[in-house]
């Protein structure tokens, strides 16, 4: 890349952001025409935001059906209220459904910019094609179907993503107080975001552990100590190091993390949620995770370590058998794609959920393999946070996978442009089908006159 690469990258980024925002505005207009009334969870969020917009902040005005903190409503008021003073709009206009939904469209612009900055910070910039790869990766994640859809409804996804990504970026730049404040803002949008605030702090701890681990390895090399042998030798060495490191009073104090309130949703040990996330990630990142060479490498590894994989399979089957839970919403609401995934795939025959275990294991291995450029301590922190966020959730809901997926996707090595184009094309197709079905293929329930849509 020549001297003019940086300005050109800026132009390409601006073009990508502008085009994406233009398309989003057109889609927003289509949504606004089709949905003039609150839909799905908006029946709780929009009235609460409108009460705040009208100045009714008392606890007696709070809807007890809402399970999130009021971050979305407070920030929305802070955005739409100035419009009344600046443009002289009536309260009816500034507190309307369209204006409140537009707040999430603004968040989507912020998310696009934050994703780009994170790719610049996380990914190395010495490769010749990295500029195009960063911009394509940013554009791809910005239109990630599960996230992009909720930019047009009054849900917490866009704001939750914005503050969590902002906190992550500030943490990577070493602005830890700012990161903590932004992490708290993310917590105000969704309680489980406290785990990703911990993840941001964990990045600092992981860096310190990596440096200490390198020093420890160098010391052992200089002392010429005999290596620990055995099938789990590397794991044993790391575990031994972590125990010694954590027992140090100084390290323990520096690494202390206070964890706040948890989600008010029903909590259980739903271990198969981890398997669903692996499958979800494999599906949406298949250009990077699924290839004949990957499958061949996996099968060779399984044969080489067949005893370990046999034990892993038995444990996975046991977790599926004993810890599979089915939320009543999953079975009752046929407006969600998860309803059909569950009914027509997983629940079609009793044995199917066990036959899928090899797919789960391959997906988990492929995801772990794609993160091998990150340190073992980073991986440990990421997977601990992943388990803490999704395993306690009883409901199978793709929205719970958005943040961990985006953080995962940010941290894998920049894929070749051909794979990024394939990924972006697939996302565009999924988005087109999703929006077309949502806007045009409406239906009605037998006992209701309301128009229903597939989400």
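Cβ coordinates come from backbone N, Cα and C, glycine included.
Marked as transmembrane segment by TrEMBL: 12-31 (among others).
What TrEMBL records for 66-87 (among others) is transmembrane segment.
Residues or ranges marked as transmembrane segment in TrEMBL: 99-119 (among others).
Remote same-chain residues near the transmembrane segment (154-173) are listed as 38, 41-42, 45-46, 49, 68, 71-72, 75, 97, 100-101, 103-105, 107-108, 110-111, 114-115, 117-118, 121-122, 147, 179-180, 182-183, 185-186, 189-190, 193, 196-197, 199-201, 203-204, 399, 402-403, 406-407 (criterion: CB distance under 8 Å, separation of at least six residues from the stretch ends). The transmembrane segment annotation in TrEMBL covers 154-173 (among others).
The transmembrane segment annotation in TrEMBL covers 238-259 (among others).
Taken from TrEMBL, the feature transmembrane segment covers 271-290 (among others). Sequence-distant contacts of the transmembrane segment (271-290) (same chain, at least 6 residues past either end, Cβ-Cβ under 8 Å): 144-146, 316, 319-320, 323-324, 353, 356-357, 359-360, 362-364, 366-367, 370, 386-387, 390-391, 393, 396, 398, 400-401, 404-405, 408-409, 412, 415, 419-420, 422-423, 426-427.
What TrEMBL records for 310-331 (among others) is transmembrane segment.
What TrEMBL records for 351-368 (among others) is transmembrane segment. Long-range neighbours of the transmembrane segment (351-368) within the same chain, counting only residues 6 or more positions beyond its ends whose Cβ lies under 8 Å from a Cβ of the stretch, are 272, 274-275, 278-279, 281-282, 289-290, 294-295, 298, 301, 309, 312-313, 316-317, 320-321, 324, 345, 379, 408.
If you look up TrEMBL, you'll see 375-396 (among others) marked as transmembrane segment.
Marked as transmembrane segment by TrEMBL: 416-439 (among others).
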Contact call for the transmembrane segment (12-31) against the transmembrane segment (99-119), three or more Cβ pairs under 8 Å: yes
